[in-house]
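Contents: one structure, followed by commentary.
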Amino acid sequence: MTTVRQRKVGKGTEGAEDQPSEEKSVKPDGKNLSDHTSGKLWNILSITVGGIVAISLGLLTSVYVATLHENDLWFSNIKEVEREISFRTECGLYYSYYKQMIQAASIQQGLHGLVYDNKTESVRTINILERMNVYQEVFLSILYRILPIQQYLEPVYFYIYTLFGLQAVYVIALYITSWLLSGTWLSGLLAACWYITNRIDTTRVEFTIPLRENWALPFFAVQIAAITYLLRTNLQPAQERLTFVAVFIATFLFSLTWQFNQFMMLIQALALFVLDCFDLLPTAKVTWLYIIQISGLLLVCVLQFFNSMILGSLLISFNASVLIARTIQKNLKKGPLLNRLGKLILHVLLVLCLTLLINKFIKKILNLESDEHIFKFLKAKFGFGATRDFDANLYLCEEAFGLLPLNTFSRLSDTLLFYIYVFVLFFMTVAAVIVAFRNLRTSYNTSYFFCLISGSNQVQLMEKMGECTITLKPDAAYNLIHTVLFGCLALSTMRMKYLWTSHMCVFASFGLCSTEVWKLVLKCIHLYTSQRMHVMKYSIPIITLLYISYKFWPGIMDELSELREFYDPDTVELMNWIKSNTPNTAVFAGSMQLLAGVKLCTGRTLTNHPHYEDKNLRERTKQIYQIYAKRSPEDVYGILRSFGTDYVILEDSICYERRHSRGCRLRDLLDIANGHIMDGLGENEPDLKPSMYPRFCEEIKKNLPSYTTHFIRVFQNKTFHVYKLAKHK
């Protein structure tokens, strides 16, 4: 097991307010001209200060997580093999391709090795650029080779510093989104502080550096910031075009760097669809956003050599269905309330039916089964029938794919984030419901408000409108639905909480600094005045910042002063033995997580690996894992040899696993899939039967003749047992 231990060392104010949609015409006298000039200067000063604060917080966050990483592992002092082992599971697999490109004789040879790879999956040649999202590793390796930095910076540091640098982009994007929504950079400051103080729940970059989401989420945050700006009401045509370009670039980079991009953007597309149905967003902009999503994903599909999983994604089917349905159903947003509701229901049903039909047709044409394990997992997770499918159960039994733990809310509440988030969410949801109902009641909609006043005098009505309306700007409406949908995703699947918690910081800080929210709150308790609203808008965020600083600054300083050291001697010993005692062409079998490290540290060929988005690989992994099932030595030997295996690594932590409860241990999942009764006390399903053979990983250690005929133990320590397969004629 990889652990960390204590390191043994000796010494060792404000501007940029909400801008009105229309400027009042003023007489060009000296006083008004002076006021106008001073206002512009104040805005420029505010934007400058806010920008400096944003960049400073971004850089501080990068330094913060880099320092935590160094302090946790003593990364600068450990050996190269220990550094590589610290890239656990799939992280090690991704980093291995960066290392492979760096060590290649030329860039062309490195690319050829990725396109025609025969070391990641034995007896099979695969295209890594098609199967995996590793263009970022390719780009970084090329950049490292052409820049004159080799003498000053090791490849591993160039890699990890790039990821830590992206954290600066992430925080700046969150800051800007909150600033755009509220009109004050104080909101951005609060969002960034919440992101840092809730680090445990907002990021895991310092200990899973090469993970795909750590590449993708900064670009996703940039995309959200660009969409937020795009949905402002008074953009000039040139500003609008530039913003669309920014959205496209961010969408493309997000899609290129994470294999789960299509599912995240599907949720985003659903948010746009809901808002468009209720007239909360401009239809023309929504249409362009659908097209941008499709275009970005198709461009990634081309770069990934027409990856069939992308072509068969629900996102492409859904967006195409929305555009087709909109063409079929004309005048969807006109007519009385009941008429519009009927049209809306038909529209939703039409879109859903078209989505399923188009997606089924594409998958039938392409014979696509790469993502079937995800839908099996979702079906079992949400109670649509139990499953004995090994792949689905493998996900169901992992804590990361379970429900969001309740202690998450306790931690988020300590910084006041969760309380304020719920407060803002409640009032914003009320406003959204009122505005949506108002939009449905009218035959045509030109504004985003619900007005309760009446009277014949239009001038008086316009003067009172600001005091009597509940408004919801398009950018706020989008971020509201975004946070609700991604909140549902996080509640159902813990691994996806990082998409929600970071946006939670944005949404809560925006609400706390929002004119609209405080106006609505004060009106509800009949205390509204303009002065009180401004006092609340600035005083509450400042008090919150002071509280966060007082409570968490000492803890952050203690965290930065705590020094530990990477310590995993058993894995280091295993990797060194493999490099010294096995040929470069040797093929290794074992657990997915360990084999990723074997490839990175030794360059040996694998039978399987953790990138699970391929049906053949999933079937292969299930077969390899029979080393932990109740199978005969002859069966296991035949399976391993069919994949060209020379050595098999058995791990005591899996064979005698106690981390999971009965029914979720890997050996239990294999027993259920094989129709065998599980070990230990407890119930078994009626149709499960005892196996004719003992558990392979336990019995092989007894050195019985039936096992030693096929397997010869060549390495052993407290954690790992390596057996060489005999070569029978």
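In case you wondered, yes, glycine gets a Cβ from its N, Cα and C as well.
As the structure is a computational prediction, the values presented were derived from the model and not from experiment.
Looking at 141-159, 217-235, 293-311, the range annotated in TrEMBL as transmembrane segment turns out to be 217-235. Sequence-distant contacts of the transmembrane segment (41-66) (same chain, six or more residues past either end, CB-CB distance under 8 Å): 14-16, 160-161, 164-165, 167-172, 175-176, 179, 185, 188-189, 192-193, 195-196, 199, 203, 205-206, 556, 560. Within its own chain, the transmembrane segment (264-281) is flanked in space by residues 220, 231, 251, 254-255, 258, 289-290, 293, 297, 313-315, 318-319, 322, 333, 344, 347-348, 351, 432, 435-436, 439-440, 445, 448, 472, 474, 477-478, 481-482, 485-486, 489, 499, which lie at least six positions past its ends and keep a Cβ under 8 Å from the stretch. Two recorded stretches are said to be in contact when at least 3 C-beta pairs lie under 8 angstroms, sequence spacing 6 or more; the transmembrane segment (312-329) and the transmembrane segment (217-235) fall short of this definition.
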